[in-house]
Every structure is written in structure tokens, then in C-alpha cells.
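Read the structure below first, then the notes.
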Amino acid sequence: MAKGFYISKNMGLAGLLIGAVAVVIIIALAAVYDKEKTKNQNKPVDGVAMLTTASPTTSSTLSTPKDPWEHYRLPDSLSPVSYNITLWPRLVVNASTGLYIFTGQSAVVFQCKKDTDLIVIHCNKLNLTLLNGHHARLTGLDGATAPTVKTSWLQVKTEYLVIQLNGKLTAGKSYRLSTDFQGELADDLKGFYRSEYTEDGGKKVVATSQMQATFARKAFPCFDEPAMKAVFHITLIHQRGTVALSNGRDVETVNSTIDGTEVTMTRFEPTKRMSTYLLAFIVSDFDHITGSIENNNVRIWARRKAIAEGHGNYALNVTGPMLKFFQRYYNASYPLSKSDQIALPDFNAGAMENWGLITYRETALLYDPAISSVGNKERVLTVVAHELAHMWFGNLVTLRWWNDLWLNEGFASYVEYLGADYAEPTWNIKEQTILNDVHKVFAVDALASSHPLSRKEEEVNQPDEISEMFNTISYSKGAAVLRMLSEFLTEPVFARGLSSYLNEFAFNNTVYSDLWDHLQKVRMSLPHTVHDIMNRWILQMGFPVVTIDTATGHITQKHFLLDPDSVVDRPSPYNYTWLVPIKWMKGGVERDPAWWVLANLNVSGYYRVNYDMDNWERLLNQLTTDHTVIPLINRAQIVDDAFNLARAKVINTTLALRTTRYLSQERDYIPWESALRNLNYYILMFDRGQAYGVLQVGSHYNMIYHSFTVAKDLSSYNQINAISFACRMGVERCRVLTSDWFREWMLNPDHNPIHPNLKTTVYCNAIAAGGVAEWDFAWQMFKNATVATEAAKLRSSLACTKVPWLLNRYLDYSLDPAKIRKQDCTSTINYIAGNVVGMPLAWDFIRARYGGGSFSFSNLINGVTRRFSTEFELKQLKQFKEDNARVGFGSGTLALEQAIERTTANIKWVAENQEHVMKWLANECT
Ligand SMILES: *[C@@H]1O[C@H](CO)[C@@H](O)[C@H](O)[C@H]1NC(C)=O
Ligand SMILES: *[C@@H]1O[C@H](CO)[C@@H](O)[C@H](O)[C@H]1NC(C)=O
Ligand SMILES: *[C@@H]1O[C@H](CO)[C@@H](O)[C@H](O)[C@H]1NC(C)=O
Ligand SMILES: *[C@@H]1O[C@H](CO)[C@@H](O)[C@H](O)[C@H]1NC(C)=O
Ligand SMILES: *[C@@H]1O[C@H](CO)[C@@H](O)[C@H](O)[C@H]1NC(C)=O
Ligand SMILES: *[C@@H]1O[C@H](CO)[C@@H](O)[C@H](O)[C@H]1NC(C)=O
Ligand SMILES: [Zn+2]
């Protein structure tokens with residue numbers, strides 16, 4: 001491809017078409033932000049409605065409390081230097097409390113920055129032993145005299161230990177604060193917690209940890225903010241015969257006896273200067289495999305059986321090449337002396353990038369070639385790449401505060417594809433970012449209730465507000481805009497800036513603009529600064545649709561809103577205009593009637609594209625005559641843009657449907673997946689009551705799809721899609737096939753005849769077609785499964801039954817940790833909600849039990865409301881919001897707003913489009 005160049009907006013289209021590929025940055029006219037219009041929208045109706053605005057996520061900004069311990073942020077008077085921590089988790093129930101517990105001692109050395117008579121340090125759910133009548137002991141260091149303690153208490157709401165002194169700590173002096181404590185080793189997946197599993201018929205207990213974002217304070221008293229970096233000296237006391245792991249290499253293991261209990265003490269090398277949220281402590285009887293890559297000791301840990309059966313081998317195989325890749329990409333060597341990765345039976349997130357000891361769900365690290373699918377393998381590859389990328393970006397250099405989480409997560413979500421591509425170069429995995437990030441986040445970011453990537457530091461304070469940052473916008477939009485930046489700076493330039501940034505801020509903290517500074521330094525010759533370009537993408541929500549009129553040469557942009565009638569009441573400093581890097585290509589020769597323009601080449605830009613009708617026609621014509629002329633990613637984009645432009649009423653629905661006509665010749669997965677996801681929206685909207693119409697949608701695409709299911713060159717993903725789509729559309733042959741396979745398995749449970757790649761589809765359809773016998777068999781297989789990926793497939797398939805009482809029982813199971821692990825509760829309810837029969841049951845279930853964000857409410861509400869498209873459902877949703885306004889929605893506040901907006905848009909869409917869609921499909925099918 002020809003090299004890109006920049007052009008000012010005044011040159012217009014004619015000047016651009018000199019090269020085959022061009023890059024242009026446009027600024028279009030400002031979209032006017034109409035403040036007046038929105039003023040009357042939120043008029044409070046009565047006192048109760050007023051309360052809804054005072055949900056917990058906003059209350060902290062309403063008034064400024066007087067006392068430092070009422071603030072959610074630490075005062076800046078003290079700064080930690082090092083900690084000395086000893087923890088002793090007990091893997092058997094404590095006789096006196098009836099709980100699993102851990103005990104510990106911690107001493108933190110801190111420097112006083114400003115004279116103060118107050119120590120405020122995080123501490124949550126720990127029982128502190130009184131030392132001389134107070135919760136902690138203070139000592140002066142290097143000749144400093146420590147003032148005596150006046151009073152100390154636990155401030156439960158803000159999660160602090162507060163110590164008032166009789167005199168002042170002196171700026172420049174250092175002190176040590178020591179605590180002794182006892183905590184519960186609960187099964188709550190937070191802080192220092194326990195995970196359980198059975199092996200050889202016996203119950204095993206693991207002590208493990210999850211500190212991000214605000215749970216280190218639940219393991220020991222600490223200054224629990226990411227910028228409060230320190231060196232940690234860690235010792236774990238553990239039962240003989242178990243192994244203890246932490247961030248550093250173990251340097252000493254001794255056996256001793258404490259109070260008559262035989263224990264082992266493992267001491268670890270001091271960590272590098274690091275944040276509390278990246279600490280990890282694990283005691284288990286796990287086994288490991290090891291490899292040595294360029295002097296970094298690389299180990300994979302898991303249950304003994306999983307290691308013995310080789311399930312850690314794939315992760316080990318790819319870790320070496322990826323570490324090599326990232327060292328070269330960042331031009332910085334791996335910062336630590338070892339790299340451990342461990343798979344845990346209970347783990348809330350997918351994985352966590354603890355520095356030197358990465359923790360994973362079993363499904364994200366373990367791979368069994370005999371049982372797991374190609375999708376499971378890809379998941380291991382990309383999650384490992386994501387976490388390893390954090391070892392530098394995020395861990396070595398850390399954002400100062402959680403408001404910039406998007407940069408940390410967006411970055412890792414972008415470069416995970418680079419690392420994964422290096423380890424599996426034949427998979428073309430980089431293309432998948434279009435489906436997994438760009439298209440996924442477009443759906444959320446096109447709502448008026450979206451939010452900017454970057455938040456102001458003072459807007460994010462409480463733990464709930466912090467956990468709300470871990471959302472699709474941060475991960476996927478972050479990835480998409482960084483990919484855009486890297487593509488227009490070019491990858492070598494981007495990597496050079498990155499390396500400069502990592503070098504300057506190693507072991508320290510940054511704000512996002514520090515990265516722009518370093519990128520700007522290596523690429524001076526831009527028409528706009530990196531700050532100017534990027535701030536528009538990160539400080540205002542949403543993205544533009546760029547419209548190219550090939551007749552007049554005009555290029556314009558406009559904030560893209562899925563619902564054109566929605567009111568944007570969030571002001572933007574840039575009036576919702578962007579600096580848009582546009583790469584494009586043209587096809588055919590000029591004046592040729594088939595001549596066309598295609599913009600956003602390889603979808604390197606985070607925006608949608610619309611054209612004049614003639615250009616749309618010429619593009620469609622090119623797709624049907626020879627689609628290979630148009631790059632693969634753009635074929636997926638044309639379909640996705642067209643369907644979404646139609647939903648936003650920018651183009652008509654028939655044009656969108658016509659972009660799928662060429663699919664009969666398409667053999668690649670990505671365009672098909674893109675089309676199926678958009679058709680899936682139709683199915684979700686129509687499958688209650690319009691079954692006949694849906695069947696038509698199905699049979700049409702199914703015919704096309706089936707025409708090549710036998711083709712040998714088809715990727716496994718396309719095969720899976722073809723079969724699952726056929727089954728979903730009720731194709732009789734599919735139902736018979738899947739039910740037969742499943743029955744064969746039921747007759748001989750020790751021999752599963754179903755190909756790993758097809759299991760999810762086959763299980764689901766057989767259970768949907770079957771009754772209680774099929775369900776109970778699958779439940780039994782789920783309980784017996786020793787491979788987590790297999791258990792996950794069965795767990796999702798159990799939600800496919802059409803029998804209401806089975807679904808209701810399954811909903812009850814989801815809250816019973818003896819049946820469904822806590823980590824899987826939310827996704828199980830969401831699987832049930834995904835089933836057309838289960839949806840109303842799940843919605844009732846959630847409403848009846850809602851208790852103020854006790855489980856991952858944002859995921860739940862997203863899942864359950866996906867089909868919502870009636871006035872009745874909208875009313876229920878609003879009622880639910882009102883009924884629970886007092887307890888609030890915690891980290892799910894935004895998700896609930898988005899659900900209401902999405903439902904509103906769906907109602908309109910169905911009313912306006914149902915008939916068109918049905919008609920078009922009916923015509924195409926005959
Ligand atoms: C940490 O504390 C233990 C005892 O609590 C002590 O023996 C050790 O010297 C301390 N280490 C550091 C680095 O302060
Ligand atoms: C902490 O103290 C409370 C109150 O005495 C007690 O109920 C709880 O069990 C204690 N927790 C642990 C882990 O010891
Ligand atoms: C500690 O005891 C365990 C089990 O009794 C034994 O296997 C191990 O070798 C001992 N370790 C040391 C350092 O003595
Ligand atoms: C790991 O690599 C080895 C050596 O290349 C290979 O034999 C083995 O099949 C790989 N394992 C997996 C699960 O990919
Ligand atoms: C961290 O960065 C700040 C601001 O750039 C600087 O003042 C400080 O010295 C750095 N600290 C370390 C330990 O490098
Ligand atoms: C936004 O619009 C206002 C009013 O139209 C204008 O004064 C301001 O300069 C615009 N800002 C930007 C960044 O374009
Ligand atoms: Zn991450």
C-alpha cells in the first residue's frame with residue numbers, strides 16, 4: 001500500500017484521490033450542543049424522584065466532608081517507603097470462630113511529607129489486636145521521636161484505621177507503624193480469600209488473593225492507592241507440605257513450630273517499588289511446570305491433576321515467545337526475576353496481572369487439546385498476552401489514579417493482539433480486534449448515556465465508582481483509540497514513544513498526558529499534536545460518523561447516535577467533533593462507472609463511514625462481483641456500518657440488508673460473524689411472537705451458510721457458526737443430529753463422541769430439544785467435570801432448556817455456592833436470560849432479590865435487558881430504578897441508564913422496521 005499523507009480539509013476529496021491510499025485528518029463543522037433542549041428533561045416530579053440523583057456514585061461530590069477520614073482519598077501528608085508483612089492463612093476451620101481465618105503482622109515504614117498529628121491508613125474487615133491499648137504501635141526512625149497515640153479507631157465507611165497523635169509527625173522524618181491482626185479467609189473472592197476444590201475425593205483449600213482495585217486493605221493495613229508505591233518484604237507461614245507463592249522469588253524456606261503447630265515459613269525477596277493492588281499471596285498444594293526463557297524463571301501452576309495431564313503446557317509454550325516479543329516491543333527487559341502464572345478454581349475476573357504472580361480463572365490459563373475447543377485455546381493465548389503486557393505497562397509504570405484506568409486496560413487490550421500474533425503467527429488474530437473490541441464498544445458508545453474514556457480524578461473516589469471504571473468503554477474503546485493512534489503514528493514510532501515513557505517513569509506513576517508527551521517527542525512532524533488529536537477521543541464520549549460524498553467531494557462528521565432522537569445532555573469541550581485520521585482506498589479507474597471509494601481502511605480509525613447513495617451502490621456492486629478486492633476487515637465493517645446506520649435512520653434498512661447479499665460467496669469468518677451479530681439483533685427483537693418471520697430470516701441465511709458448510713477450507717469458527725445458526729433457526733436436520741449425538745453420549749457417559757469445537761452448540765441444542773433427562777444428565781456431567789472449559793460449556797448449555805421449572809430451579813442453583821461457584825453466578829443468570837423462555841424468569845428473579853449491587857449488577861442488567869423492546873418492559877425497568885433508588889445501583893448505575901436508553905431505542909426500532917425487514921426477507925427467499 002502506498003504511504004499515507006495528511007491533507008487539510010480544504011483540499012477536499014478531489015485532491016485526495018491521487019494516491020491509492022491516503023490519510024487525512026479532518027475537522028468538520030461543530031455539531032451544536034443544545035443545552036436548552038435538555039434543561040427540562042430531568043425535571044424532578046416529586047421528592048422520591050429527587051432521591052434518584054443522590055445514588056452512592058454521586059453523593060461523594062455533593063458535599064465536602066470536614067474530617068480527613070470522611071474523604072475517600074488519603075491525605076497527602078504521609079508516603080509509604082516499605083512494608084514488612086507476615087501472613088499466616090489457616091486452611092482448616094478455626095475452632096473458636098467457626099471461620100477460616102488468617103493472622104498477620106505488618107509494619108509500614110513511611111515518610112512524613114507535611115507535619116501532621118493524624119495517621120489515616122486503609123484497613124477493612126480486619127480485627128486488630130490492641131498494642132498498648134491502641135490499634136497500632138508507632139516508632140520513630142533515624143532519631144525521630146514518635147508522638148504518643150491519643151486515640152485510634154476504625155472508620156468503617158471509608159475503610160480506614162485512624163490514629164490521632166498527641167504531638168506532630170515532622171516533615172522529612174520517617175516512622176514505623178506496626179499492627180497485629182486477624183481476618184477471615186472468606187470465599188468472597190476479594191482480598192486474601194479461599195478457593196476450594198475436590199481432588200481424589202477430598203476437599204482441598206487454597207488461600208489466594210485479589211487486591212485490585214481496593215482489597216489489599218482487607219489483607220493488611222496499607223496505604224491502598226496505586227500511587228502509594230513501596231517495597232514489600234513478604235513472609236508467608238503455611239502448613240507443611242504446601243507451597244507458598246508471592247510476587248518475588250522465595251529466598252528462604254524454614255520449618256518451625258509455632259504454638260505447637262508445625263509450619264513452614266517462606267520468605268520472599270523484597271519486591272520492586274510497586275502498588276498495593278498488584279500484590280499476591282497464595283498457599284496451595286499445587287504443582288507446576290517450568291521453562292527458562294532468557295534467565296526469567298517461567299512457571300505455570302495449577303491443581304496437581306491439571307498439571308499432570310499437561311493442561312498448563314500450552315500457556316507455557318506461548319509465554320516464552322510473548323515475553324520475548326514484549327521485551328523487544330517495549331525495548332525494555334522483563335523487570336522481575338521470575339514469572340509465575342497460576343490457575344485458580346475460584347476467581348472473579350478473567351485474570352489479574354499481579355506483578356510476577358499472575359492469577360487466572362482455570363478457563364483462561366489451562367488448555368486440554370483432547371477436550372477443549374479452538375476458542376478455548378484462543379482465549380488462553382489472548383488472556384496470557386494481555387496480562388504479560390501489563391508487566392510493563394501498568395505494573396512497572398502505573399497510572400496515578402483509577403480515573404485513568406482506560407489507559408492501562410485499553411493499552412493491554414490493544415497489545416494483547418500483537419503479542420498473541422507473535423506467538424501464533426498463522427492465526428491472523430489481529431483481525432479479531434474488530435469484532436471483539438471495535439464493534440463491541442461501538443454498540444455502547446453510540447448511546448447518549450455513554451461516558452468519556454477519561455474521567456476527572458475527583459469524580460472517581462469510592463470503591464463502587466472505581467469498580468464502575470472496569471467496563472467495556474475502558475477496555476475496548478481504550479484499545480480501539482490506541483490502535484488508531486499506533487496506526488497513524490506507525491507502529492515503530494508508537495513503540496519508540498512507549499519505550500521512552502516506560503524508561504522515564506519506571507517504578508513510578510503517571511497521568512495519561514505523560515504518554516502523549518513521549519509520543520509527541522518521537523514524532524514531531526504532525527499537523528496536530530498528539531494531545532490535540534487524542535484528547536478529543538478520550539475527553540468526549542462517543543465517536544463520529546464520517547460522511548463522504550463522492551459527487552461533491554465533501555467530507556463531514558457528526559456525532560453518531562444509535563437513537564437519533566436521544567438527547568445528549570453531557571457537554572463536551574470539543575462540541576462533539578473529532579480530529580479523524582482517515583485512511584482510504586479507491587477501486588477502479590476514475591470515470592469508470594464502477595469507480596468507488598472506501599474509507600477507514602482496515603478499520604484503523606474509531607468511527608463509522610457513510611457515503612452518498614451512488615458510492616454505496618458501487619461498493620455493493622464490487623462486493624458481489626469480486627469481494628476480495630475489498631480488504632477482509634472492511635467487508636465486515638461495511639456490513640456493520642450499514643446495519644447501524646440503518647438503526648440510526650441515516651440510511652434505510654433495505655440497504656443494510658443488501659450488504660449481506662454477497663455473503664453467499666464469503667468464506668471468511670469475520671464478515672460472517674459481523675453479519676450474524678447484526679441479524680442476531682433482529683432475532684432478539686422479533687423472536688417473541690414473530691416466530692414465523694424469524695424462521696424466514698433463518699432459512700435465508702441458513703441456505704447460504706449451508707451451501708458451504710462442507711467446504712474443506714472453512715475455518716473452524718465458520719463451521720461452528722454454521723451449525724449453531726442452523727440449529728437456532730430450527731432446522732430439523734440440525735435438531736436430529738445434535739440430539740442423536742447427545743443421546744449417544746448419555747448411553748455411554750465415559751465416551752463423549754462430540755467434537756470439542758461443537759460441544760457448546762450440540763449440548764445447548766440437545767438440552768433445548770430434550771427434557772428433564774437430558775438436563776439431569778448434563779448437570780451430572782457438569783458436577784463431575786474436572787476440566788474447567790468442559791464445565792463452562794455444560795453450565796452455559798444447561799440454560800438452554802425450554803422447560804420453565806428447570807430454568808427456575810437453575811436460577812436457584814446459581815445462588816448456591818455448593819452448586820454453582822460464586823465466580824459463575826452472574827454469567828449463569830445471564831445465560832438463562834439469553835434464552836427466550838428464561839428471560840422473563842431471570843428478570844423476575846433479579847428484581848425479587850436485588851439488594852444494592854451485591855453481585856455484578858452491571859453485567860446482569862446488560863444481559864437481562866438485551867431483548868427488551870416493549871413499552872411494558874421499559875415501564876418495568878423504570879419502576880425497578882425508582883423502587884431501588886434508595887439503595888442505589890453502585891457500580892451498575894451507568895449500565896442501568898444504558899439499558900433504559902437501549903430499550904427506548906429498541907421500541908422505536910421495532911415499530912419502524914419490523915415490517916420492512918420481514919418484507920425484504922420474504923422477497924429474498926422466494
Ligand atoms: C520483618 O519483621 C520480622 C519480624 O516481624 C523481622 O525479623 C525482620 O527483620 C523484618 N524485616 C525487615 C526487612 O524489616
Ligand atoms: C472479628 O471480630 C468480630 C467481633 O468480635 C467477630 O465477630 C469476628 O468473628 C472476628 N473475625 C475474625 C476473622 O476473627
Ligand atoms: C520441612 O518439612 C517438610 C515436611 O515435613 C519437608 O518435606 C521439608 O523438606 C522440610 N523443609 C526443610 C527446609 O527442612
Ligand atoms: C508445546 O510445545 C511442544 C514443543 O514444541 C509441543 O510438542 C506441544 O504439542 C505443545 N503443546 C501444546 C499444548 O501446544
Ligand atoms: C516519580 O516521579 C515524580 C514526578 O515525575 C518525581 O518527582 C519522583 O522523583 C519520581 N520518583 C521516583 C521514585 O522515581
Ligand atoms: C464549541 O461551540 C461553541 C459555540 O458554538 C464555540 O464558541 C466554541 O469555540 C466551540 N469549541 C470548539 C472546541 O470547537
Ligand atoms: Zn488488564
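From the backbone N, Cα and C atoms, a Cβ is placed for every residue, glycine too.
Keep in mind it's a predicted model, so treat the numbers as computed, not measured.
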Given that TrEMBL lists HIS386, HIS390 as binding Zn(2+), which residue among GLU378, GLU409 does it place in the same site?
-> GLU409
Here the Cα-Cα span from HIS390 (Zn(2+) binding site) to TYR475 (site 'Transition state stabilizer'), rounded to a whole number of angstrom, reaches 13
Do you know the mean pLDDT across the domain 'Aminopeptidase N-like N-terminal' (80-278)?
-> 96
Calculate the distance in Å between the alpha carbons (Cα) of TYR475 (site 'Transition state stabilizer') and GLU409 (Zn(2+) binding site), and round it to a whole number.
-> 5
Between GLU409 (Zn(2+) binding site) and GLU387 (active site, proton acceptor), the C-alpha gap once rounded to whole angstrom | 10
Specify all same-chain residues, apart from the site residues HIS386, HIS390, GLU409, whose Cβ lies within 8 angstroms of the center of the Cβ atoms of the Zn(2+) site, ordered by sequence.
-> GLU353, GLU387, ALA389, PHE393, GLY394, ASN408, PHE411, ALA412, SER413, GLU416
So what sits near HIS386 (Zn(2+) binding site) in its own chain, CB-to-CB under 8 Å and at least six residues off in sequence?
-> ALA351, GLU353, ALA412, SER413, GLU416
Give the number of CB atoms, excluding that of TYR475 (site 'Transition state stabilizer') itself, located within 10 Å of its CB.
-> 23
Counting Cβ atoms within 10 Å of each Cβ, the densest environment among the recorded positions GLU387, GLU409 belongs to GLU387
